[in-house]
Amino acid sequence: MAKISCSSFFVLMLVFSVFSLVEKAKGDERCTIIIHPGSPCDPSDCVQYCYAEYNGVGKCIASKPGRSANCMCTYNC
């Protein structure tokens, strides 16, 4: 009887661990927002504003070659 209880315990722990990992993965979603879309991007301002407002990472990225860069902020949703 002890062998059945021990193996059942380990199976339940394995199932519980898998569900815990799945829930954690769902919570790690990342969002992206364009900050001040019409304004030219200053890299230092972009980084500081994104971190202060969203606790994220800001980068100046041009949507197409030849266009001015926009401040793209990536943060946890």
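Every residue gets a Cβ built from N, Cα and C, even glycine.
For reference, Swiss-Prot has these:
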SIGNAL    1-27  signal peptide
DISULFID  Cys31-Cys77  disulfide bond
DISULFID  Cys41-Cys60  disulfide bond
DISULFID  Cys46-Cys71  disulfide bond
DISULFID  Cys50-Cys73  disulfide bond
Which number gives the other C-beta atoms within 10 angstroms of the C-beta of Cys46 (disulfide bond), all protein chains shown included? 22
Listed disulfide-bonded residues are Cys31, Cys73, Cys77; which of them have CA atoms within 10 A of the CA of Cys46 (disulfide bond)? Cys73
Which has the fewest other CB atoms in a 10 Å radius around its CB: Cys31, Cys41, Cys50, Cys60, Cys73, the listed disulfide-bonded residues? Cys31
Can you tell me the CA-to-CA distance separating Cys60 (disulfide bond) and Cys73 (disulfide bond), as a whole number of Å? 9
Sparsest-packed among the disulfide-bonded residues, when each Cβ's other Cβ atoms within 10 Å are tallied, from Cys71, Cys77: Cys77
Cα distance (Å, whole number) from Cys71 (disulfide bond) to Cys77 (disulfide bond): 18
DSSP-derived class (H/G/I helix, E/B strand, else coil) of Cys50 (disulfide bond): helix
Based on DSSP, name the secondary structure state of Cys60 (disulfide bond): helix, strand or coil. strand
